[in-house]
Structures are given as structure tokens and as C-alpha cells.
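These notes are about the structure you will find just below.
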Amino acid sequence: MAGVRNIVVLTGAGISAESGVATFRGPDGLWEGHRVEDVATPEAFARNPALVQRFYDERRAALARVEPNAAHRALARLDADWPGELLIVTQNVDDLHERGGARRLLHMHGELRSAWCLRCNARVRWDGPLRDGPPCPACGVAGRLRPDIVWFGEMPYGMERIEDAMRPADLFISIGTSGAVYPAAGLVQTARWAGARTLELNLEPSAGSYMFDECRMGRAGELVPAWVDELLA
Ligand code: BJW
């Protein structure tokens, strides 16, 4: 695509929907059975750690039953073949981008396959359950590991790296996100200030659709491979 060198891609739950991972705010949303304030805040964790650990243990275990889809693979192809700068910023806590082959990737809301020790502050790769209070592999203290997930009121990861990638961006593309959660929802505005062209790919109009130069509505598994083909042509 003429004049494009620096790209920032933002992804949300919609890109993993066709892999069978529930989105957050749809009719079958992940939080249908769980009130968000019961599970996705530090206060909820302090109040009822067993409930929160069980919720995340189930989602971590479910990763073994899902596979990357055509949209994840298309972004990995872009990552491999794009000669300019690229950063894929995902709000998703699943590991489907990396299993699809993406490398230039940042998980701004944390990762299911990581645990954070509240005793020694280490972040460790974690694939099993946390509900039984296992010892931290770094400091050995039991019962202090929490899901390494950014909850409401906590600072998302990598904000400096994201801002550094946004400043020189000439193309910003948002895929499969409702635009309901900040600061991710504000990145389109940052992109506009940077002078980048902005494109949204989503199943339906999002809260921020009006801010994009172009919106394409449909399934990520179809729209993303077609867009990557266009870009690499
Ligand atoms: C398809 C598809 C298909 C379906 N193909 N598309 C008042 C105003 C403004 C902000 C605030 C406010 N009060 C509080 C805040 C801040 C707060 C916030 O934004 N609250 C809002 C509710 C208003 N944000 C925070 O607290 C954040 N931290 C923060 O702000 O720190 C301060 C700070 C930061 C930076 C600079 C300065 C200060 C932290 C937010 C953490 C969010 N964490 C969660 C939970 C993680 C735990 C978990 O996974 O359980 O992350 S919330 C949840 O929403 C999750 C997601 O990453 C996030 C976004 O959801 P997403 O991905 O958009 O999913 P959906 O379901 O909403 O949408 C899916 C879309 O896909 C839909 O549009 C579908 O149509 C589409 N789709 N199938 C294509 N096949």
C-alpha cells in the first residue's frame, strides 16, 4: 500500500471468536455467567480469591481446546513479510496470536499463561491451575500467585512501547474490539493525532466506528486475510 511503512494493529476478543473463545460483551458473552465486578477487579480478587482463580483456571485450561484461526494466521504472515515497522497490540489474554506465528506482539491486558507473584513480584510462565495456591517458582512462597491479567483500575502493560509505536504510525487498524475499554479504545484518536490512516474491521459497528477513516464489517476470519493480501500485494 503506497506510503505505508509503520503499522500498529490493535486486536480484541472478536479476532478469537471464530476459534471458539467467547467475547466479553456479546449475547453469549464471557461475563454472562459472571458479573465483571465479581471477577475482573483487584477488589473482587481480595474479596473472593477462590471464585476469581476458578474463573481464570477454567479459561487457561480451555486454551488447550482452541486453535488459531485464519485471522491470527494472516496477521502472522503480515508480521513475517512486512518490511517496515509493525506492532500487534492485543487486548486478548489468550495465546492464539503467538501460536498462529506472530512475533511483534504485545499483550496489553496480560496473559492467561502467566502468573504474577504478589510476594516477590516475579512473572512466571504458568499452564496449570492456581486455585490450590501453588508455590511461586521464583521465591518458593505458596498461595501468593495471581493471574497475570490487567483488571479494571490497573495500568495496562507496555503503554510506553505502544505510544512509541503510535507516534510514527501511518496506518492503524483495529480488529474485533467493541471500543468499550480504555486506554485501548482511545488509540484510534492517538493514531489520528499522529496523522495515521485508520481502519476498523469488526462484525458490527463499534462504539468508536465514527472515528475511523474506513470501517469494514464482517467476520475477522474473512476480512483480515483479504486486508493482509491487499497490503502485501
Ligand atoms: C467480531 C467477531 C468476528 C465478534 N469477527 N469481530 C470512564 C470513562 C473512560 C474510562 C474509564 C472510566 N471509568 C474507568 C475507566 C477506565 C477503565 C475502562 O475503560 N472502563 C470502561 C468500562 C469505561 N479501564 C481501565 O481500568 C484500564 N486501566 C486504566 O485505565 O488504567 C489507567 C490508565 C491507563 C493508561 C493511561 C493512563 C491511565 C484497564 C482495563 C483492563 C481491561 N481488562 C479486561 C478484563 C481482562 C480480564 C479477562 O480477560 O477476564 O480486558 S476488560 C475486557 O474488555 C478484557 C478485554 O481485553 C477488554 C476489551 O474487550 P474487547 O476485546 O473489545 O471485547 P468485546 O467483547 O467487548 O468486543 C468484541 C467485539 O468483537 C464486538 O464488537 C463484536 O462485534 C466483535 N466480533 N465476533 C470480527 N468473528
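The backbone N, Cα and C atoms fix where each Cβ goes, glycine too.
Annotations in TrEMBL come from automatic prediction, not curation.
Among the features that TrEMBL reports, active site, proton acceptor is placed at H109. Annotation comment: TrEMBL describes 12-31, 91-94, 176-178, 202-204, A220 as NAD(+) binding site. Look at TrEMBL and you will find Y56, R59 tagged as substrate binding site. Residues annotated as Zn(2+) binding site in TrEMBL: C117, C120, C136, C139. According to TrEMBL, the feature domain 'Deacetylase sirtuin-type' maps to 1-233.
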Request  = Go through the binding-site residues G12, S16, F24, Q91, L203 and pull out the ones with a Cβ less than 6 angstroms from some atom of ligand 1.
outcome  = G12, F24, Q91, L203
Message = Taking only C-alpha atoms and a 10 A limit, tell me which of R59, H109, C117, C120, C136, C139 are near Q91 (NAD(+) binding site). These are the recorded positions.
response = H109
Query = Given the recorded Zn(2+) site (C117, C120, C136, C139), which additional residues of the same chain have their Cβ within 8 Å of the Cβ centre, ordered by sequence?
reply = L118, R119, N121, A122, P137, A138, G140, V141, R144, L145
Note = Rounded Cα distance in angstrom between C139 (Zn(2+) binding site) and Y56 (substrate binding site) is 22
Ask   = From the Cα of Y56 (substrate binding site) across to the Cα of C136 (Zn(2+) binding site), what is the distance in angstrom?
value = 17
Message = Can you tell me how many other Cβ atoms are located within 10 Å of the Cβ belonging to C117 (Zn(2+) binding site)?
response = 20
Inquiry  = For the domain 'Deacetylase sirtuin-type' (1-233), what's the mean pLDDT in this predicted model?
reply    = 95
Key: Sparsest Cβ surroundings (other CB atoms within 10 Å) among the binding-site residues F24, Y56   = F24
Note = Counting other CB atoms within 10 Å of each candidate's CB, the least crowded of the recorded positions R59, H109 is R59
Note = Smallest Cα-Cα separation from G176 (NAD(+) binding site) among the recorded positions R59, H109, C117 is shown by H109
Remark   = Top of the binding-site residues C120, C136, C139, L203 by count of other CB atoms within 10 A is C136
Message = Need the DSSP three-state call for C120 (Zn(2+) binding site) to compare against my parser.
response = coil
